[in-house]
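I have placed the structure first, in the form of structure tokens, so that the comments after it can refer back to it.
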Amino acid sequence: MLQVANIRANKEAYIEALKKRNFDAEQLFSEVLDLDETRRSTQAELDETLAESNKLSKEIGLMFKNGEHQKANLLKEKTSELKETSKSLSEKLADTTAALNRHLYNIPNIPNAIVPAGASEEDNEEIFKEGEVPQLAEGALPHWELAKKYDIIDFELGNKITGAGFPVYKGKGARLQRALIAYFLDKNVAAGYTEYQMPLLVNDASGYGTGQLPDKEGQMYHVTEDNLYLIPTAEVPVTNMFRDEMLAESDLPIACTGYTPCFRREAGSYGAHVRGLNRLHQFDKVEIVRIEKPEDSYAALDGMVEQVKDILRELKLPYRILRLCGGDLGFTSALTYDFEVFSTAQDRWLEISSCSNFETFQANRLKLRYKTADGKKQLAHTLNGSSLALPRVLAGILENYQTPEGIKIPEVLVPYTGFDMID
RNA sequence: GGAGAAAUGGCAGAGUGGUCGAAUGCGGCAGUCUUGAAAACUGUUGAGGGUCACACCUCCGGGGGUUCGAAUCCCUCUUUCUCCGCCA
């Protein structure tokens, strides 16, 4: 959520910047500023009324003490009137604040200056590419065929137990997945991230904190009986650990990593591109989250990108990095780098990581602040990234490492799997 | 799931209707003393909004109510603790 003060100070620049998202903020901004104006004047009026009422109440107290009952009763009438006034004023204040917040919730983050303009993923900017695309033998198979051939992932079985998008991993498939999780976590811990295991269900305050609510409500599974949501990513519980916190400057930076399953309803997205592991309702992911001082946050984002690169390099997977254009940029993000692994057998790129700087957009909702050395309070910057999303890494490994003899295991994983071939 | 108790400032802990935003202790900060430190002593120290700065407003787990006036009374929710039950 943007800060009203910043909107007021940078109105024109913000409107211009949001055009990169194809978002027309002109109307919304002037409504926000008007509402804020009303909110503040109403607040001032209410304060005055309450001050008057407090004063009279004290006087009445004194009068009773002095036995001046008649005088006191006379004043009581006056305070009753003030009470009516303050009641209607606080209703107005609540309405105005709610309207203001509704507006603010609908305004996306201001894209960083280097975000390219663009309408869709077509306009994302490729900034880096690494790794050899392997020459596969004639008749190379997509991962869902390989999964069947080697009996390591059973999509039909998941169908039976739960429904589409809930695969069952089996034997070496399950062990490979577990190996990947352990390897990712170890890499992140070695890079200074603290490992966490988080709750998989969150309350709605957490959903609002990181911005899944109210705009992406339909994307989360909702346990209505207890009003809890299954997490769509570890970002939600991890970042919300710091909700309503006042950190010391010396606490920063904070770097967390955690493995969780992720649950996404993915309503309405079915079709050829979502076959196999490409898009699931439940999948595993190792996430990294950082809380940074504003002046450090972009260097930290670069550091996260390096961290993911390092992992992909060790896995020897061909990948590229995209700088997302305004049209493809997430609602809460100021700058996002997507990582994609090339799936040779499918002949397409698969998104496996996304690293974003949210600047103060989440922190403002979260009230995540820190005290600087000279005692000033300011919003921290939050960042997160996947390192990595399991199913597509798995798909990439299966497809790119297939040989006529079987699927080789990337060298770096062998100590984790305990085997070097799926056959 | 049942019965009972509780929730107050960074922490501990008073406060049961009227200068209570809240005693006291610890902690933090500043100073005195000291070559320096410790100890001792003195002062200071919650958060949010508002203001150029004051004033002023709000906040004693959340929400609602009674009252001229609520940390204090009532309702409700949540959480924690103790006991019982159940359970990996």
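Every residue, even glycine, has its Cβ placed from backbone N, Cα and C.
What TrEMBL says about a protein is an automatic prediction, not a curated fact.
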Given TrEMBL lists A:T233, A:R264, A:N384 for L-serine, the same-site residue among A:E217, A:E287, A:E405:
A:E287
Can you tell me which of the binding-site residues A:T233, A:E287, A:N384 is spatially closest to A:R265 (ATP binding site)? Compare CA atoms only.
A:T233
Cα-Cα, whole number of Å: A:S354 (ATP binding site) versus A:N384 (L-serine binding site)?
8
Give me the long-range Cβ neighbours of A:N384 (L-serine binding site): same chain, 6+ apart, Cβ under 8 Å, in sequence order.
A:E235, A:V238, A:T239, A:E287, A:I288, A:V289, A:R290, A:C355, A:S356, A:F358
Span of A:R264, A:R265, A:E266, A:E351, A:I352, A:S353, A:S354 around ATP - largest C-alpha separation, Å:
19
Need one number for the L-serine-binding residues A:T233, A:R264, A:E287, A:N384: the maximum pairwise CA distance in Å, whole number please.
18
Select one residue from A:S353, A:S354: among these binding-site residues, choose the one with the most other Cβ atoms within 10 Å of its Cβ.
A:S353
